[in-house]
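Participant: Below you will find the structure I want to go over with you.
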Amino acid sequence: MRLDRLTNKFQLALADAQSLALGHDNQFIEPLHLMSALLNQEGGSIRPLLTSAGINAGQLRTAIDQALSRLPQVEGTGGDVQPSSELVRVLNLCDKLAQKRGDNFISSELFVLAALESRGTLTDLLKSAGATTANITQAIEQMRGGESVNDQGAEDQRQALKKYTVDLTERAEQGKLDPVIGRDEEIRRTIQVLQRRTKNNPVLIGEPGVGKTAIVEGLAQRIINGEVPEGLKGRRVLALDMGALVAGAKYRGEFEERLKGVLNDLAKQEGNVILFIDELHTMVGAGKADGAMDAGNMLKPALARGELHCVGATTLDEYRQYIEKDAALERRFQKVFVAEPSVEDTIAILRGLKERYELHHHVQITDPAIVAAATLSHRYIADRQLPDKAIDLIDEAASSIRMQIDSKPEELDRLDRRIIQLKLEQQALMKESDEASKKRLDMLNEELDDKERQYSELEEEWKAEKASLSGTQTIKAELEQAKIAIEQARRVGDLARMSELQYGKIPELEKQLEAATQSEGKTMRLLRNKVTDAEIAEVLARWTGIPVSRMLEGEREKLLRMEQELHSRVIGQNEAVEAVSNAIRRSRAGLSDPNRPIGSFLFLGPTGVGKTELCKALANFMFDSDDAMVRIDMSEFMEKHSVSRLVGAPPGYVGYEEGGYLTEAVRRRPYSVILLDEVEKAHPDVFNILLQVLDDGRLTDGQGRTVDFRNTVVIMTSNLGSDLIQERFGELDYGRMKEMVLGVVSQNFRPEFINRIDEVVVFHPLGEQHIASIAQIQLQRLYKRLEERGYEIHISDEALKLLSANGYDPVYGARPLKRAIQQQIENPLAQQILSGELVPGKVIRLEANDDRIVAVQ
């Protein structure tokens, strides 16, 4: 008999049998070796065949292993093994059986039949396991489905549905799928398309995270519960596992062979199976090589004839990119659009999923947490869809609470560290013999005993709280199982079991759960097991950097004293500081318009009066860092073509993938201060882009993504009208001067731009009285730098007056002051430090000497 007439699986099993004989030091390859190899073969036909015939494959394997251990062993054969006469006889019988059946190749299941018709140890073992020629023949017919073996890979294609699909209806029966709430319209539309005679293939299209896969799971659950039309009752929903289908397909045509096997198996089911292909676009081009047919083209004939009931799911972009290009494939599918659910629908979905997440995380999820997750995620996470982003918030908040339950409470941890510290000190003091050390040791022992007592009490309490939590968890798990059992009993019509569960077990468990929850609520001191809206806000703040959590007392006071904080850096300019402070307070109190930026301001005034400094102070106040603002120098955007740098290059241009300078910065930090410095120097087209930002708090970048500016403070600075401010300052009141400056501004900016700004703030020129305060602030920075090098410095009032007089220029504001400090203080100090006149550790005094400032120690 030619070995190349065996199927691939049979050839592999024969090679494994040879290895087995070598390993056992047997001289001959017996039918037992081959049967053992076939039973252990991954993805082979023998185990499913025996199971189908009602034979316990595990027991048979044990019996064969025992028989193998009794075979005679020969040493010193030098690895020479050959088939025994018995094996040759059985293989010849296989050949004969294959010819009778009209097979071109000999498949491995015929070996079991041939072994039964032969005689020997294997025959006896098979018969004692319950195998007969009749039941094995019947199982073979069932497995083959009336087909003959015409190619070597025939066995690989068998049970393709089992290998390459996941049965969603089976998972729904076992209660492993999450409940699907709402989405009735989409599920009804899907069923409607599936009921058609031809082209009965719906494709679910929607943004990522809106619940396309959940709709198919909902369909599977409805089929199980019998809540579908007659035409769909008893159908199975199988999800195609593309990963398994492609994995390991090494040779050309192997992928197509597997897919063909799946399609053949589906054809045999005669419409009793609905195939679900998640990420449908992956089928287009899958397995495509030079001249080969891709998966999409292989599906077309079956889809068009209505033989294959297929439900696809893909996103809008990928549908357009892959499926719309192939018009022949597109027309075979019927589109079902899945829109993002509203906040109200999302709350209903979350309430339905609540129990599953409570069971998984062993925590309690409150209703305010669910409402907060839906509303906050809708408002603050712009680039993702509901319900996915809301579910993620709940999941992560529950996970963080669970982590706190599992880890040691902070109070215990602090005590533990203190005990370790005291023990180390105790060890050190025990080595000392002086009186002071002994006295300290006695005190330390007392403290140590006290801390250890506290620790053990707290630990007991912690363990008790953990135990009570796990108690409620066990009851919840039992209740969940009882609910699944009642559903299964309802499907099969077991009324006795249903009544036992409904009126006996479930009410009893609910009573136990209520009692356990009440006792739990009384005792909790160290552990929190509830997810509230505060935890949701905390997680959201961690994701986006937007402070949406409830304000602590300290933060409220800080916001009420905001003007004082800003005035510590920005001298004068009361109107500007007040306008900015009010905008931030409105935002944190939740009163600002949710569809516009927190605040948008145009700062006008002469150079050096604190316009940019106020932005830095604001960023520092909000984020504790001057760098936490997006600063864009508008003088860089003077040409028309440079506008695209803000939002990103359009498609087809170099740099398209990189995104825009402004949009990318805000996408990364949605909560920030945006400073557009020297705004009048920018090209007029830049203002057209800013119109959407100021009005709707949004901007579309070069790649079509919408960037959310609703949590930003937009500040623009300009020098327009500064000559008027300089000339008329002191002559006119603030209101009159502001009107005049706005007249100049309206000549440079369009009315629709000025109209969208919350407030135009005119900065005053600085007076001599302001310069002294600014000098103090500037000097503080110098003191800090010197302090790091070990120098302490003080300035006399006369020296400060002299410095202010030298640094004051009504035209240039406070900037000349910086130069004055540099020339009159920093330069002489640097020389004196380098020459060694000034030494670290001693106080340096800055005194006025005529029109100079001198440093003395």
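Backbone N, Cα and C atoms are what each Cβ position is placed from, and that goes for glycine too.
As annotated in Swiss-Prot:
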- Gly206, Glu207, Pro208, Gly209, Val210, Gly211, Lys212, Thr213: ATP 1 binding site (BINDING)
- Gly605, Pro606, Thr607, Gly608, Val609, Gly610, Lys611, Thr612: ATP 2 binding site (BINDING)
- 391-525: coiled coil (COILED)
- 3-146: domain 'Clp R' (DOMAIN)
- 6-71: region 'Repeat 1' (REGION)
- 83-146: region 'Repeat 2' (REGION)
- 159-340: region 'NBD1' (REGION)
- 341-545: region 'Linker' (REGION)
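Describe the structural context of these features.
Facilitator: Sequence-distant neighbours of Thr213 (ATP 1 binding site) (same chain, six or more apart, CB under 8 Å from its CB) are Asp278, Ala313, listed in sequence order. For the recorded site, Thr213 (ATP 1 binding site), the DSSP three-state label reads helix.
When pLDDT values are averaged over the coiled coil (391-525), the model yields 77.
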Participant: Enumerate the residues of the same chain, Gly605, Pro606, Thr607, Gly608, Val609, Gly610, Lys611, Thr612 excluded, that satisfy the criterion Cβ within 8 A of the mean position of the Cβ atoms of the recorded ATP 2 site; list them in sequence order.
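Facilitator: Those within range, site residues removed, are Phe603, Glu613, Thr717, Phe763, Gly813, Ala814.
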Participant: Compare the Cα of Gly209 (ATP 1 binding site) against each of the binding-site residues Gly605, Pro606, Gly608, Gly610, Thr612 and report the nearest.
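Facilitator: Result for Gly209 (ATP 1 binding site): the nearest of the binding-site residues is Thr612.
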Participant: CA-CA, which of the binding-site residues Gly206, Pro208, Val210, Gly211 lies nearest Gly608 (ATP 2 binding site)?
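Facilitator: Closest by Cα distance to Gly608 (ATP 2 binding site) among the binding-site residues Gly206, Pro208, Val210, Gly211: Pro208.
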Participant: Give me the sequence-ordered set of same-chain residues, not including Gly206, Glu207, Pro208, Gly209, Val210, Gly211, Lys212, Thr213, with a C-beta within 8 angstroms of the centroid of the ATP 1 site's C-beta atoms.
Facilitator: Thr315, Val338, Glu340, Gln385, Asp388
Participant: Find the member of 83-146, 159-340, 341-545 that has more C-beta pairs under 8 Å to the region 'Repeat 1' (6-71) than any other listed stretch.
Facilitator: 83-146
Participant: Using a 10 Å radius around its CB, how many other CB atoms surround Gly605 (ATP 2 binding site)?
Facilitator: 26
Participant: Of the binding-site residues Gly605, Pro606, Thr607, Thr612, which sits closest to Val210 (ATP 1 binding site) by Cα distance?
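Facilitator: Of all the candidates listed, Thr612 is nearest in space.
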Participant: Give me the count of other Cβ atoms within 10 A of the Cβ belonging to Gly610 (ATP 2 binding site).
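Facilitator: For Gly610 (ATP 2 binding site), the 10 Å Cβ neighbour count is 26.
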